[in-house]
Amino acid sequence: MKSSRALLLVAVAAAVAGLAAANFRDDCDIPWEPQNARFTGDGNGLSMSLVSNYSGCMLRTKKQYIYGTVSTLIQLVPGNSAGTITTYYVSSVGDYHDEIDFEFLGNETGQPYTFHTNLFADGVGHKEMQFKPWFDPTSGFHNYTISWSPCMVVWYVDSVPIRVFRNYKANGVPYPTSRPMYAYSSIWAAEEWATQGGRVKTDWSKAPFVANYDNIQLDICECSGYGGCATGCSAAAAPYNGACQLSPSELGQMQRVQSKYMIYNYCVDPKNWANGQEPAECKLSQY
């Protein structure tokens, strides 16, 4: 197990190149149910448990930021994880909040997880895209990265971009640009909707349900207020290639993932459009 973990850390090094090493114990707080969190001796690893319908766990970074990249390794709940949600996301606090989500919806034994992504800006959400994984996310650690720059948000899995949301604020599309965010991780219960629309309920005899995290990395423009927090901060640059677009190879990777593993796209679901109107960004290039 140790050798496999070491190999994975090497394999994802390219995905987090330039990110600053952080520490779960020193750089984060546990604002909800701290008794359900366990740190490794060096603080670089963390497990969080869902014990009951009312007792999960949440971790939050001590620092807020505007623009940057957050990355970590996660091993999702194995076995029958129906009704459980493990998350990795960034969010502001207060009204009209901004948020960028990875949510991992558990399933009954033998059925795949759902990787749920979403974005809120100025309090406007309903921008969901969902994927089924092309690997077993419970058998070992995999890298999940959220990169937020002035021109685009990119979701990565094991260094592969799976989704892009571009800044089209000039076209009237809300985009997060001014509200500082924290990075969060959590595990909680949502059996009323999480698994197959709520048809499959949680088997609480299998509790506690445990998700493991390792090797958090942060490259962020630290910010505790509004305004020019990201001015002169290198983390405000677009991810990895320093441009406001994916590289040709990244674009090819994303298109392959979306063609084979995307299972839901809000842009092609008229019944969930506000006022029956196609969202403006759905008519604009995200690549």
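From the backbone N, Cα and C atoms, a Cβ is placed for every residue, glycine too.
Automatic prediction, not curation, is the source of TrEMBL annotations.
Sequence annotations record features per position, and here TrEMBL assigns active site, nucleophile to Glu99. Under the heading active site, proton donor, TrEMBL lists Glu103. Sequence annotations record features per position, and here TrEMBL assigns domain 'GH16' to 1-213. Marked as N-linked glycosylation site by TrEMBL: Asn107. Marked as signal peptide by TrEMBL: 1-22.
Around the Cβ of the residue listed as 'active site, proton donor', the same chain contributes Ile85, Thr86, Thr87, Tyr89, Phe115, His116, Thr117, Asn118, each under 8 angstroms and 6 or more positions distant in sequence. Here the recorded positions are Glu99, Asn107, and the one with the most other Cβ atoms within 10 Å of its Cβ is Asn107.
Here the residue listed as 'active site, nucleophile' is positioned 25 angstrom away from Asn107 (N-linked glycosylation site), judged by their C-alpha atoms.
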